[in-house]
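The transmembrane segment annotation in Swiss-Prot covers 19-39, 42-62, 93-113, 114-134, 136-156, 161-181, 209-229, 235-252, 264-284.
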Amino acid sequence: MLATKAKAYWQLTRMNRPIGTLLLLWPTLWSLIIAAKGMPDFDVLVVFILGVVLMRSAGCVINDFADRKVDGHVKRTKQRPLPSGLVSSKEAIVLFLVLAVVSFLLVLTMNPLTIKLSFIGVGLAFIYPFMKRFTHLPQLFLGLAFSWAIPMAWAAQTNELPSIVWFIFVINALWTIAYDTQYAMVDRDDDLKIGIKSTAILFGRFDKLMVGALQLVTLAMLIALGMHYQLGDTFYWALLVSGSLFVYQQHLMRHRDRDLCFQAFLNNNYVGMAVTVGLFITFW
């Protein structure tokens, strides 16, 4: 019984599926590397790596709580712990609060500016899952939530927030909207039946075009970022890899096959990794 419950909690926090953690981690590392112009302070690095894991898990818990009444009607999610009855709603809320509190305790070791920013981060993580009931742009709110670690990390490293931070914030928000639209394309048919909204539904037959446009703007802004910091060739080679991966994702999406759209979404891990490696080598 205990083992079953532990496994259910593990699944509820998506510890068994680290893709979301990685997609949140890469831009956080971009911010830390650029702010530190190389290797960030060790304590800041540890706090943000742990914070990414904990807050992504908290986000998954509150997302499943928000979707508990509809997940049972979606092919991909009907076996999740809440709709299957392995975890109660009360247990999910308690778990979310525990993860959020532990994350906040970590943030308390940082400077006051970072602590203040963390309240907005928790708010974004909490409201995002409910947006899909009210707007076709929940991916925008995910973009904001997944990008908020960027100003937090920069503030923790430097105790300031120059305008370039918000430029990086927008880069990641656009990239997040692109890959979460790919993710939404997987569930589009089910979402239409149960009244859940998404950019995949909003974009309709222009979904692939819009994802491509978002990817193109993301790349263009990354190039502008490199020019701003006068980064070396390694960074641009990394962007060439990222651009090639975007082209590959478009190939996967061409027939809007559910499984292949999901593969396109997963492929974004390598995009984030390429940019991170490029930045690290360049600044190192």
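From the backbone N, Cα and C atoms, a Cβ is placed for every residue, glycine too.
Only residues 6 or more beyond the boundaries of the transmembrane segment (136-156), in the same chain, are considered here, and those with a CB under 8 A from a CB of the stretch are 23-24, 27-28, 30-32, 34-35, 40, 44, 47-48, 51-52, 55, 59, 107, 110-111, 113-114, 117-118, 120-121, 124-125, 127-128, 162, 165-166, 168-170, 172-177, 180-181, 184, 197-199, 201-202.
Here the transmembrane segment (114-134) sits apart from the transmembrane segment (161-181); fewer than 3 CB pairs are under 8 Å, leaving out pairs fewer than 6 apart in sequence. Within the chain carrying the transmembrane segment (161-181), a Cβ under 8 angstroms from the stretch's Cβ atoms is held by residues 23, 27, 30-31, 34, 113, 139-140, 142-144, 146-148, 150-151, 154-155, 198-200, 203, 207, 210-211, 214-215, 217-218, 221-222, 224-225, 228, 265, 268, 271, all 6 or more beyond its ends. Here the transmembrane segment (93-113) sits against the transmembrane segment (42-62); at least 3 CB pairs are under 8 Å, leaving out pairs fewer than 6 apart in sequence. Within the chain carrying the transmembrane segment (264-284), a Cβ under 8 angstroms from the stretch's Cβ atoms is held by residues 19, 22-23, 25-27, 29-30, 33-34, 36-39, 175, 179-180, 182-183, 186, 222, 231-232, 234-239, 241-242, 245-246, 248-250, 252-253, all 6 or more beyond its ends.
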